[in-house]
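Some notes on the structure that comes next.
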Amino acid sequence: MPPPCSLLCRLATLLCVWALCQAQSDTKLPPGTPIIQLRLAGDKHKHYEGRVEVYYNGEWGTVCDDDFSIHAANVVCRELGYVEAVSWSPSSKYGKGEGRIWLDNVHCSGLERTLAQCESNGFGVSDCKHSEDVGVVCSQRRIAGFKFISTLTDNVESLNVQVEDVRIRAISSQRKRVPMTEGYLEVKDGGKWRQICDLEWTEMNSRVICGMYGFPGEKRYNTKVYKLLSKRRKKNYWGFGVNCTGNEASLHGCKLGHKVELRGNATCEKGLPVVVNCVPGRAFAPSHAQGFSKAYRVEQPLVRLRGGANIGEGRVEVLKNGEWGTVCDDSWNLEAATVVCRELGFGSAKEALAGGKLGQGMGPVHMNEVKCSGFEKSLTECYFNRDALGCSHEEDAAVRCNVPAMGFQNRLRLSGGRNPFEGRVEVLAEKNGSLVWGTVCSDSWGTIEATVVCRQLGLGFANNAFQETWYWPGDVSADDVVMSGVRCSGTEMTLAQCLHHGKHLDCPRGGGRFAAGVSCSETAPDLVLNAQVVEHTTYLEDRPMYILQCANEEHCLSSSAAAATSSSYRRLLRFSSQIHNNGLTDFRPRAAHNSWIWHECHRHYHSMEVFTHYDLLSFNGTKVAEGHKASFCLEDTQCEEGIEKRYECANFGQQGITVGCWDTYRHDIDCQWIDVTDVVPGDYIFQVVINPNFEVAESDYTNNVMKCRCRYDGHRIWMYNLKSLKLNHLYIYLKPTT
């Protein structure tokens, strides 16, 4: 049961919404109340936030942050049609406004119908500067039944569009199409859906609408069909036109067009209701075979998203000179984020994220102070400052994009869990001509498959994959297995896109208690290897077998070591590895402390039997030498400034890697090598893979692999550059054992 304070807060919110609904039903304000209009302006990261601007006496102005409070913010947001305020920001967070500072020392109770009813110094009475302009962040939820009321007799075109909701309503022949790309545009105002007259409608307006619905572009439609339909349908037009520049992230960022004279059936006599026709990105484009392409693929190789839980979100990374790097969040806004989203085949940006919110990258910061018009084909076409001095990965920019509604969540569910983020996986499948719910066979079920399930349901990252779910009693009628042999690559948008057996099921253990299950999490760790440390610490060493007995017991030497005499030598390629956790959650071993394995020879615990793979490969991918490193000691060797170490192996302590910290395996400890004794001279590929068996879920597995070329002449090894594969003149000579 929620605490009493929480109930009181909810009650207060409901009262406030009720008060606004009363205001909507009775628009008359007390005599003498100044007539104002509000809008949110400035440099935004979301369309429902911005600098508070007030239209009064024929002029737009701002509000000073002196004495402003969350109660005042609530009044502002509700006046704009949002349910409530989330927060407010002082000191011109959204940039300095212009013109008059209309209000100062604003005091609101929170129940006022308009900001003009709140106590203040009076309009135009202020000792503030625009460096004190206040901003607000509103809830995304709109007030049900909200009706836009213009108090302006002129200059209505300076107002933003404020409606309860927006939709594309397909005609009957298009309603079963997924995704729905074409139909009448309707806005909900005063609780009723209304059409917009197309007399002043432009392609730029359609571009914004399509972006809202997850589509990167718009195209023409067949006007003949809609002219015929328009004659048969009763129309209910909205009283305003719309004027978008084309770079807005949503309709709420557009300005109102001219007022439309509402004359019943005679309204918009020379025009028709607006129709939009959108172009989907390649990942969502309908195909004759499956309705959409098989797996998500980026369309532009110069920009990519990493670290996001869902399709269409992630840290922005740019390819420059053969090396991926990040973008600094200085001046990062919705226009720049929207360029990224459209470039990758999504719609406009829902949110431009700053401060490494979706994890920190590695390598260089390629772009800083990015400024886009919103019409660039690629982020690389935008103006930016090439000097990224002062930018760290704590300032990595990220995006959340609008993606098309594909209905994926309707074909999958979690059943029996203690909360919505866990449970037995149940799939809606066709059986004997009808759709039924059933379970997924848990044979070969793992973290990658669980990741796809969590993504499909919009529940974030996979936390665990379960091959037994007897403790989650699901729907008994859904016990039968309807899907088996599931193997995913991790890039799929739905479980159905993964490889599976189809109609010919094969699941010896059956469903029920052995059905597949998952638990999901909104955050995840992200391990990244520091490649430079590997390069700078690599050397060859000849080491006698008599001091390698423990390593041999733990299978850290090649198979020929089993027949080697104690006086013989093994040639070892040694190096250090520094593994960073750049995610949003600590990396912890999957196994509980009480199940860790004790190794008597080295006298330590293994919390993960295999934590890294070290391999030497031929150019055709064949392993010519290999090694592995068990995570007997996962700990915080060092952390970034301001972050405290949490994990230490001393005294058999808890193991893990804290966010913002790294674990260093030094070159001089056992098993930190590849045994190259039997390798013949030649050219090879040197590869390191972290968390190779996907034992622990991460936000991004693509950065777990480090590769470079190497050349071995029997006495020394030298490495090629890890990214561009150009020779970097790093020579590694044989280091004798002392």
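Counting starts with 1 at the first residue shown.
Yeah, the Cβs are placed from backbone N, Cα and C, and that goes for glycine too.
Any TrEMBL annotation is an automated prediction that lacks curation.
TrEMBL records a disulfide bond between Cys498 and Cys488, which is the match among Cys488, Cys507. The disulfide bond recorded by TrEMBL for Cys64 joins it to Cys128 [selected from Cys5, Cys128, Cys138]. Reviewing Cys372, Cys391, the cysteine that TrEMBL connects to Cys382 via a disulfide bond turns out to be Cys372. The CA atom of Cys128 (disulfide bond) is located 35 Å away from the CA atom of Cys382 (disulfide bond). With a cut-off of 8 Å between CB atoms and residues at least 6 apart in sequence, the same chain places Asn160, Val161, Asn205, Val208, Val242, Asn243, Cys244, Thr245, Glu248 near Cys254 (disulfide bond), listed in sequence order. Among the disulfide-bonded residues listed (Cys64, Cys77, Cys138), Cys138 has its Cα nearest to the Cα of Cys488 (disulfide bond).
The largest share of C-beta pairs under 8 angstroms with the domain 'SRCR' (412-521) comes from 303-402, of the ranges 38-139, 168-279, 303-402. Around Cys118 (disulfide bond), a 10 Å sphere centred on its CB holds 20 further CB atoms from the protein chains shown.
Straight-line distance linking the Cα atoms of Cys138 (disulfide bond) and Cys372 (disulfide bond), rounded to a whole number, equals 25 Å. Here the CA atom of Cys77 (disulfide bond) lies 14 Å from the CA atom of Cys118 (disulfide bond). Of the listed disulfide-bonded residues, namely Cys128, Cys138, Cys498, the sparsest Cβ surroundings within 10 Å are found at Cys128.
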